[in-house]
Every structure is written in structure tokens, then in C-alpha cells.
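All remarks here apply to the structure that follows.
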6 protein chains.
Amino acid sequence: MTDFTRFDGRAVNDLRPVRITRGFTTNPAGSVLVEFGDTRVMCTASVSVGVPRFKRDSGEGWLTAEYAMLPSATAERMPREAMRGKVKGRTHEISRLVGRSLRAAVDLRALGENTVNIDCDVLQADGGTRTAAITGAYVALADALAVLKERGVVPGEPLLDPVAAVSVGIIDGVPCLDLPYEEDSRADVDMNVVMTAEGRFVEIQGTGEHAEFSRAELNDLLDLAEGGLYDLIDLQRAALDGALGEAVTLGEWS
Amino acid sequence: MTDFTRFDGRAVNDLRPVRITRGFTTNPAGSVLVEFGDTRVMCTASVSVGVPRFKRDSGEGWLTAEYAMLPSATAERMPREAMRGKVKGRTHEISRLVGRSLRAAVDLRALGENTVNIDCDVLQADGGTRTAAITGAYVALADALAVLKERGVVPGEPLLDPVAAVSVGIIDGVPCLDLPYEEDSRADVDMNVVMTAEGRFVEIQGTGEHAEFSRAELNDLLDLAEGGLYDLIDLQRAALDGALGEAVTLGEWS
Amino acid sequence: MTDFTRFDGRAVNDLRPVRITRGFTTNPAGSVLVEFGDTRVMCTASVSVGVPRFKRDSGEGWLTAEYAMLPSATAERMPREAMRGKVKGRTHEISRLVGRSLRAAVDLRALGENTVNIDCDVLQADGGTRTAAITGAYVALADALAVLKERGVVPGEPLLDPVAAVSVGIIDGVPCLDLPYEEDSRADVDMNVVMTAEGRFVEIQGTGEHAEFSRAELNDLLDLAEGGLYDLIDLQRAALDGALGEAVTLGEWS
Amino acid sequence: MTDFTRFDGRAVNDLRPVRITRGFTTNPAGSVLVEFGDTRVMCTASVSVGVPRFKRDSGEGWLTAEYAMLPSATAERMPREAMRGKVKGRTHEISRLVGRSLRAAVDLRALGENTVNIDCDVLQADGGTRTAAITGAYVALADALAVLKERGVVPGEPLLDPVAAVSVGIIDGVPCLDLPYEEDSRADVDMNVVMTAEGRFVEIQGTGEHAEFSRAELNDLLDLAEGGLYDLIDLQRAALDGALGEAVTLGEWS
Amino acid sequence: MTDFTRFDGRAVNDLRPVRITRGFTTNPAGSVLVEFGDTRVMCTASVSVGVPRFKRDSGEGWLTAEYAMLPSATAERMPREAMRGKVKGRTHEISRLVGRSLRAAVDLRALGENTVNIDCDVLQADGGTRTAAITGAYVALADALAVLKERGVVPGEPLLDPVAAVSVGIIDGVPCLDLPYEEDSRADVDMNVVMTAEGRFVEIQGTGEHAEFSRAELNDLLDLAEGGLYDLIDLQRAALDGALGEAVTLGEWS
Amino acid sequence: MTDFTRFDGRAVNDLRPVRITRGFTTNPAGSVLVEFGDTRVMCTASVSVGVPRFKRDSGEGWLTAEYAMLPSATAERMPREAMRGKVKGRTHEISRLVGRSLRAAVDLRALGENTVNIDCDVLQADGGTRTAAITGAYVALADALAVLKERGVVPGEPLLDPVAAVSVGIIDGVPCLDLPYEEDSRADVDMNVVMTAEGRFVEIQGTGEHAEFSRAELNDLLDLAEGGLYDLIDLQRAALDGALGEAVTLGEWS
């Protein structure tokens, strides 16, 4: 696009190397390790019979999500939220985003009165943890729903087409795809885009804390995001076609 | 736009009647009652000397915001968060949004090492409480900064051009401006747009919980939002040109 | 009584100007704005079917109350209790007082197994917030019970005669009625009196933090309180005889 | 007074047997076990150098108090407040009452910038725990201040004349002194009176939950209370004249 | 054993004077004051019908325990856990230890679906509070179970043989029995041993914070502990053979 | 030892396969993945300048530890402690154990006034999580201290000889080494042993919830533990002699 050089040598429209490993742990029905460069998130999907009160007797299921960072995930250790006795606003906000995004990938009626719990625990953080979480959680969700179907406890086919997420932002006036921490922390504008395989948006969250953005800049950012998201969706599909425990990758891993 | 009829008779690109009353209470430096139809929010701006730790010795000020609903604001009484002992994720999320939005209206360096506390307390809720809160809080902020300037304690002119917010959404396939609760609760897509007087975006948050949205629909929603936001910004300016204690209005109030 | 001059020019046995506005908001069954001078409290009464566990199967209803101050209600902004994660002792204590006082105005058996929730939210504080809250809450309670009766869900007439409250105190040795913050903060003795229309006491709370008080002083304070309370009870009755949305006043409002 | 018979055979103006034991434990500067019949409260006074922030550099000291019930103090075991993670409103309210009452017995200026912590822990509850707590805490306070004086760390004589407390109430229409639980739970009116040795009131808290009370009834209750309080104050003085570890008693102990 | 002299003159294998007083308070079914020297713990056992969820329909009962220190129990007053809003790790840990230890003294099947609540509240702390608590709680438990049997609500004989506890430690290289605070705070190794009357271990917790310990030292410590524990078990039996309200003692009480 | 067959085919004195991977993540100074069979714990050591208040100006450093389980670590998903708003007693207890154990491996004086934070996050739980955590944390600690030494900020050599931990228990009367969940949940006696490379005990915690244990059984359990611990210490040393990112293993990994 431009001859602007990113600090890690990528082009502005390049994703970082991405890796998805299914069957990362054995206990939950779905367990995935997703890596966007140095960002590493363990995404699991557990299933329980029954639904929360507000869905009872609706004939529909529910999906809820919790996102958290291990205290050692960041360069400077963060205090553990359980020890502080309360969850930070940022954590709540991302948990809610992950939940809404993944519900777009489930037919709640076909799920029957079952509940899926998505847990996204960040083992290592280098920017884009929420978008990696959503992208990986779709794969964990698919595995968990497959287990449910095998057991014959869901009335229909609850899994819908893939949902993936990616961050975009404007760095020194240049729109860029998939920001690591070094870029994210000094971006003028920061946007997270969640999209389905059909190219429809589930969520767009754009924030200009250091500078506002014009309609034209918004369009540039969405173009970049769409490009990356189709690649991520292809990788999600490849992971689900592969074998449990095998990793699928995008880009160069050393 | 279309011949679609909204339940309250408005055109799809009409705001509800809006009213801004400055000097609603006397204690904080800025105190505004803002009404978007039946939604009524008390927005105040208090100022204190000094800044939070992460801003200390930066030569810059800070702005922080808290949003809350009175328990009796909704049709069905909601439990009080202070009694539950914790703040809900939704409350945190909106508080953070209000804070980010208003910081776009302050030159933190010109503010000097002072902190502005914005409080938005919803007295009555009928949809769009967060956008009303942002719109009203700008006026309260302006009043509080004027007091600071009079006292001669700020090094420069900290107030920037107006920032306003409005909601848009897709109801039965039709994009609509400024959704009351009745529409909001059944909207397929719901979007909040925060914009400056120059027409640049501070924040865009679009969510498709019941249905996703295309790029074209996104553009229609943004067109609607821009129209309403310029009207709200005019009203903010009229309020600040008027006298304390007088209300300025937009649209028909019975 | 004496030639002692109060800082706002009132006689020692004068109330501040008082105003009661019914129908202040539309959502709860009863919603009242009560003003004692610059003290302004929004009092609402919501009703729900059923009773707390300790009243279950008693054939009686229950009434509970919560009092709170908005953070911007005071000259110096107070931290929000929901953010601190716990309610202050003072808040609990006043909530309990409001609840006990209003229960004296309800025939719990005639209420049937329904629960009334009183919420008193202080929008602006200038002394006497708890007594204003009780006085206003009685009117909100009356409106809420009238709605219940119309719906035909209460077995009898649950509303009893008015209950009102006022503060009295000793300032520089002189007993005074209805103390604003300026007097309250330096009073030697501070007393809150809650009384029914028949002149019987529901609650007397007298405290001498800076100086103790004699039996004779107690009697002087009670005389003053009784005078003010009969006026407040007349005003409550006038408000309930008037139209929803109209304000009734006592004393001079500029 | 009347031929009304109380369930434990006492006359309406009789206190229960009372016992005060100084030096009940050895760690805090003052430690007292106070018994009003079967109500048994351990009252301690600990002293620390320095004062809370709001008193800093005032040249004055401070006194603060905490009241609590052991879970096994009542007939039916109560959940431990520390396990619930929050303190009940009733506990807060009584702690504040004890603190205000005991501050009437201290000359804060003569105390210098030292803080006294009063702890009243109810070992066994049978009505009147808060009044027993105040009565016993005065004796513990006196012992703690004596230790401070010996150490030469207080600038003056901080101990003022005794403060004692007692409950009175109306049972089946008859005013009675010092109510045990059996009477307290069915009293129409319940009042706690805190008084100094000079017969001046520190606090009067009268509540009519089941029935209101007239001015005449109020006077009868205060007459009863005064009688009991002078006896309790004599006992406090006898305890302080006696030896540490010895108990002084009032009335018949079997 | 050696000519090592302990600061209180005891031999290394001597317990402090011990006293057990049954019927210390009247409300719970079992109430015991246990003293190990200056350590004084009130141990109570309350019984309720029904069991926690995880035991429901098991035909078995349950026993749970809570340990706490009064704030004035220690030389320096400790903040009250209920005021901090959370229980310290140490408190949780000891509560769990007391619960496990006492469950070894109950036949849960013979108890039927009833729950015993043990409360151990430390009135005065001088080392060994958890071991005194376990030793005293057995006696309170025995009293409570006797009450249950009298009422005919337990299907069998739930009380098993005595369980007692004692601390041992290595001070300046010398193994010692029953450490008071002065020794405990400087011990190289600290061990708590819980044992049944048959000499079988219920719990061994040995910690070397300042120095590790060898297998030989472990054996010396266990020898010491066993000696003390048999004496404590004899005392528990003597207490239960005696009359309620009478104290039984071991060693010299001044 | 006996012909008793364990459910996974191991001999009673066999450890499960063990694997230690250094450099598992890059952010903290030390980061280790430790696996005992299906139990998988991420152990990290972060270092910060300064010490907690109680160590200030002591010339010594400090080490503190936090243990936690991811909600998806267990077969049945566990609620997240941060969402419950408080940490469970079990979590506190294990965190304290890990801290005490690792402090035995640090010369606090040679560390200078620096603090080491150990975090042990269980990714997958199958029994023995606390012993795996201690064993892995020693290796992470060694890596973190090496980084500190390179930076020249520690006055001496703070790392002491290895500390490792293992569980032992009695299953159906037979003492066994290193219990997975299946055995742990039905063990009569359960013991955790923490030992230094010199064979001295740092901590012994033996609990007989379902049955007590004799002195002879205790000795058998300690014999088993010592055998396993020497093997684990050899593996810790091999890991530290190897390269970062390489795994060292003990036993057969499929």
C-alpha cells in the first residue's frame, strides 16, 4: 500500500504469523491454543445442561464467555483480579464482546436448553488479545458442539459459519492490520472488527483516544480488516478439517 | 426516507425531542439535566486539584467518568449496585465510553494537573441513556472548565469543540435514528456514534446481536447518525450561549 | 422565641421553604421530588408481588427502603458507594430509619403479600436529607398504593395517616428547627423526629456529639419539631389532593 | 409502679443483675467483661499513636468503636459477618452509636494525637447488648487511659465523667426498664438512653415499630431510664475503685 | 531431656497449664472455654437440621468449623476481618484444619442428616490457638451431640473417641512441646499434631520456615507431641465426666 | 513393593511421567511449564524492586506466591474466583504453601531488597497440582534469579539448592507415590512432602480425612516420598543445565 515500514518488517496489510492448535488440553469439550505472533490465548468451550434463568423454558440455549489475563502475561506483572476481589472494567468489557461475537456463530434454538461456557485465558499478551480470543474460541466452540452432537443431546445443528476477529489501527497516519502491543500503545485510532464468513459484521468498535478519524479513514480500516479476516476464517476451517492436537499455521513461524 | 412508520410517529431520521437544562443543581461546577424524550440524565462535572498516579508529573490533567442508573429509573426496579457490592459489566463499559468520549473534548495539557470527574446519573431510562449522557456531559464539562478558568487555575484553554453522541439501529430492516427502549430492545443492529463538531468520529460501536450487518447498512447508519449529531451539537452550543437555569429545546415538547 | 438571628434570616421555629412535586418521573408507581430549601431528594415507591422470606405465608406485606446520595450531591464530590464495593454505615443507618418510619404508615395486613420498595436518592444535599426523604417518601408511597388499589391486588386499605420528619438542633445554645448543612455541621445537639398526623412519635433520635443536653432542652426541641411537623403533614395532604405533576409549596420560593 | 408482673419477676423499674469484671484479658490496655443478666459483652480499649487523616495536625485525638456478635451468641447461630464479606447495617449502626457515646467521655484535646479503639464483642446475647457494651466500654476506656497517663504520653487528663446506657420500652402498654430479649422482641416501643453522670443525655434513640408513642409515654420512659442509669454509673465507679480482676455486682447473682 | 531452660521455666516436654470449662455460655448446645496458659478460646457447637447441598440425600450428616480471632486478642490490635470485607488466608486455613480434625471424631452416618457448626473464637492469643481450639471443640461437640441424642433426632451414636491437638517445635535446636507466642515466633520448625485417643494421626503439619528438619528431628517432635496429647485426651475425658460449668485443670494455675 | 496394581499400571513407588519446559513464555524473567502426567502447571517468576512494608529497611528481599486454577482445568468447569469476588480457602492455603516452600530455596539476604513473585497457574488438573507447582516454580525461580544476577542488582548469590515436592497417600491400605485425581479422591490418607536436595524437610502436611494413620504408616509414606523427590531434584537440575525452550523428561511420554 505505502512504503511505510512497520517495526517488525510487515506490510501494512499483513497479519502476524498465526497458529491454531486444537486439543490443547483434554478436560473441556473444546480446547484451543491460538497464537497471533507473541500473543497466546488458551480458548476453551465447556458445555452444561440447562440455561440461565432469563432463558428458562425458552427452548433455546445460551452462550456466555469469560476473558482473563494471567498475571504473568504482560511485560510488567499485573495483580491478579481474584486477589483484588473484583474484575476490572476492561475485563468485563472484553468478556461481553467475546460472548456477543460467539453467539453470532450459534443457532441457539438448535442448541436446545444447553449452555456453552467460553473461557479465554491469555497466557502471553502482545496486543490483539481479544481478537485472537474470538478467533480461537470459534474453533473450540466447534469442537464442543461436535461432542454434544455425538452424544445426541442437541436437537439440531447449532454451529453456524465461522466468526473471526482482527484489530486495525492508524499508526503515524497510516492504517495498519493486526497491531502488536508496540503499535497498539501508540496508535491514534484503534478498531476491532468481528466478521462472519459471509462478510457481514458482528461487531465494530472503533476508538480514537489520541485523535479522531474521518469517514474515509474508517473505510480504509474496514478494507484492511476484511482482507485479514478472510484469511483467518480460512485458517479456522483448515484447523477444523485437520486432526486434534495438530497445529495449522498462517505465515512464517521460526 | 421510507414510508416505514415508527411507533411514536417519528420519521426514521428524526431525533426525539431533546432538552438541555444548565445549572440543574448548584453544588458541582457544572450540572446539566439532559432529556432525550423520556430518557433523563443528570450530568455533572466536578473538578479537583491533582491527577491520578499514572499522570503525576506529566504536566497534563485527566478526566474520568462514572455512569449509573438510579434503581427506579427503569420500568422494573433494578437492584442498587452499591447493595450488590459490585458494579455490573454494562455500567463499567458505559463509564469507560463516556470518559473516552469526553477526553476528546479536553486539551489535557491546557488543563494542567487538575482532574475532572464526570458523573452521569440516569433518573429515568427510555433507551439511549449513554448517548444522552455524553451529549449532556459536554455542556456540564464546559461549565466546569469556565469556573476553573475564572479562578485562574488552568494554564490554557482546556475546552475543545463539542462532542455529542447518538444511537442508530436497524428495526425490521429499516435504519432508524435515536432509538427509545421499545425499539432498542428489538433492534437487529444497534450502534452508538460519538462525533466532534468537525464531523470526525471519536467512537463507533456497532453490534449485531440478532443479525449481522453489511458494509452498505453500516454506511446508511452512519449517514443517519451524522445528521442527528449536527443538530445535537447546535443545541449544545445554544445551551452554552443561553443563561444558567434556562432550558434549550429541540423538537416538540408537550 | 429569641432575638437570635439565623444565617439565612429565618426565625428559630421556621421551616425552610418546602416543595413537593408528584409524578416527577413516570416509571415507578410513585415518584416525588421533595425540596427542603436546597436539599432535593427524589423519592420513589415501586411495588412487587411477594414478600421476603421472613414474611412468607404471613398474609402480610412488607416495606423496605434504600437511601443514597448521588456523588455530586455535596459541595465536595463523594466517592460512589458502588465503586467502593460497599455501603457506608451512615447510608445503612438512614435506609433503616426510612424503612421503619414508612412502615408506620402502612397497614401490612391490608397490603397483602406485596412488597413496597422505597428509594430515596439525594440529588442535592444541604442538611436534613433524611427528614426530607421520609416526608417525600410518604407521598410517593400514597401514590403507589393508590395504583395497587386500582389494580385490585390489595385486600384492604393499606395506607395509614401521614408520617413526616424534621430535624431540630441546638446552635450556640439556641434550639432551632430544620437545620441546613451550615447549621447542622456546627450544632451541639442534633435530633431527628418522625411523627404521625395524630402527633405520636414513630422515631426520636437525638445525639449530642459536641455537647450533651438536658431534659429541659429535649422538651424545647420536641416543641419546635411538633410545630414544623404539623405544617409538613398539611403539605403532604395538599400534595395528595392536588394533580400529578403539580408542585405544592410552603414558604417563599424565589 | 403497677402490679404488672414481668416474666422474670422483676419490678418494672428494676435492672437485671449487673456485673463488671476488669482485667478480663491481658492484652489490650483495658479489658472488661460486662454482664446484664444473661447478656455478656467483652469490652476492650486499645490505644495507638496517631490519628485518622481527618484529625491529623488538629492537636486532638480520636476514639473509634466496633461492635460485633460472635456467631454463637444467639439462640439460633448467626452467620459470621467476615464470611459473608460484609457487615450488616445493624452492626454498623451500633458501632457508630458506641463510638459517639464514648467520645462524650473523652477530652480529645487532652488525649493528644492518640487513637483509642473500643471493641465490644458480644459473647452471649439476651437483649440490651448495645447498652451493656457502652456501660462496660467506659470502664475499659478508663483503664486504657490510665495506662496512657502512666506512660506519660498524653498531654492532659483525657478521661471525663462516666457515661452509661440502658434500654427502656413499653410492653403491653407498661413502661419497663432494661429489656431482655424475651421482652424486647415484643415491645411496642423500644428506647436506648445514653447519659452522663451529670444527668445530661448523650443519645436518645426511641423507636416505635409496632406502635407509636405519645409525649407522656416518652417522659415515663425517660424517668425509668434515669433511675437505672444512676445505679449503673455508681457501679462503674465502684469497679474503677476496686482491684483489677475483681468483679463488682449489682442485684442478685445466683 | 536436656538442661535447656525455657523462658517460662517449663521442661521441654511439659504442657502449659490447661483448663477446660464446659457450659461457658448457654445458647449453643455445646459451649467450652479452653485455656492453654494465656491462650483462651471459646469453642461452641451448634446443630441444625439438614446438610449442605453436596451431602443431600446421602443419609449422612456434616460438620463444619469456623475459627476467628477477636481484634483485641493479640498484643497489637488486629483489624477486624468483617470490616476488611474478607477473611485472611490464615483464618481460612485454620478453619479448614479444625473442621477436618473434628470430623474424625464424628460418625457422620450415625449423625443422620444434621449439621454441626463448630465456632472457635480466640479471646486471647498466646500461641497454639489452633491446637487449643481443636482440643476444646471436641468437648463442645460431645455436649452438643449429647443434646441431640436426648432429643432423639440422631439415628445412632455419632460421637467417636476424643481427638486432641498440640503444637511442637524446635527452638535453638531443641525440640519443645506446646509453644507460647514467644517461642513460636522464633522457632526454626513448627509442627501441629492432631491425634485420636488410639494414638493414630488425624493431621500432621510441619513447617520449617527458618530451617528445614531431618527425619530424626521429625521423630523427636512426634514423640513429644504424643506425650502431651495423651494428657490432653485424659483431661477432655475428665471434663466430660464432670459437671457443666465446672472447670477441670492440668498443671499449676496460680 | 507389593503386587497391588494401580489403575494406570504404575508400581506404588513410581512417579508419573514428568516433563519440565523452561522458557514457556517470554515475558516474566522465569517461565516454566511443568507436567506430572496430565497435570500441567505454568510456573512463572517475576521480579520487582523493593519489598513489602514488613521487610522494608531489613536489607533482605522477599518471595511471595499465588496459585490458581483456570476454570477449564478440571473435568467439570469451576467458577472463576475473580467473578465470585473472593478467593477460596483452598487457593489461599496452597498459595501460602508454595510461598513458604520456595522461600526455603532463596537466601533472602543475598537477594537484597527485591521481591520475587511466583505465579502457578494450573492449565490442566489431574491431582498433585500443588506439588507440581512447587517443583516447577523452583526452576522458574532459578531462571529469574539468573537474570537478576546478570543485571548486577543482587548483592550475593540468592539461589539455594533445589526444593521439590511430591504427594503420597494410602489407597486401599497401600502407600503409593504421586497420586493422580482418580487415586487422590478416594485416598484414606493424603500427604504432601516438600524436601531440599540435602534430604531435609521444608514441609510435611499429612491428612487423614477418611481414616487416621499410624506412626508406621507415616514412615512408609515418607520413604516413598523421599525416593520420588530425589528423582525430581535430579530432573530440576537437568532442566537448568539444558537449553531454554527444551523440555527434559522423566519416565515414558507417549
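Yeah, the Cβs are placed from backbone N, Cα and C, and that goes for glycine too.
According to TrEMBL, the domain 'Exoribonuclease phosphorolytic' annotation covers F:15-144 (among others). Using DSSP to sort the residues of the domain 'Exoribonuclease phosphorolytic' (F:15-144) gives these counts of helix, strand and coil: 42 helix, 43 strand, 45 coil.
The phosphate binding site feature in TrEMBL is assigned to F:Arg90, F:Gly128, F:Thr129, F:Arg130. Residues near F:Arg90 (phosphate binding site) in space but far in sequence (CB under 8 A, at least 6 apart, same chain): none are found.
Sequence annotations record features per position, and here TrEMBL assigns domain 'Exoribonuclease phosphorolytic' to F:161-226 (among others).
Contacts of F:Arg130 (phosphate binding site) defined by a Cβ separation under 8 A and a same-chain sequence distance of 6+ are given as F:Tyr67, F:Ile94, F:Leu97, F:Val98, F:Ala165, F:Ser167, F:Asn192, in order along the sequence. Across the domain 'Exoribonuclease phosphorolytic' (F:15-144), mean pLDDT in this model comes to 94. Other Cβ atoms within 10 Å of the Cβ of F:Thr129 (phosphate binding site) number 26 in total over all chains. Each of F:Tyr67, F:Ile94, F:Val122, F:Ala125, F:Gly127, F:Thr131, F:Ala132, F:Ala133 belongs to the same chain as F:Arg90, F:Gly128, F:Thr129, F:Arg130, is absent from that list, and has a C-beta within 8 angstroms of the C-beta centroid marking the phosphate site. Annotation for F:Gly128 (phosphate binding site): same-chain Cβ neighbours under 8 Å, separated by at least 6 residues, are F:Arg16, F:Phe36, F:Thr39, F:Val166, F:Ser167, F:Asp178, F:Leu179, F:Pro180, F:Asp184. Here the domain 'Exoribonuclease phosphorolytic' (F:161-226) has, by DSSP, the following mix of helix, strand and coil residues: 16 helix, 29 strand, 21 coil. Taking every pair among F:Arg90, F:Gly128, F:Thr129, F:Arg130, the residues recorded as binding phosphate, the greatest CA to CA distance is 14 Å.
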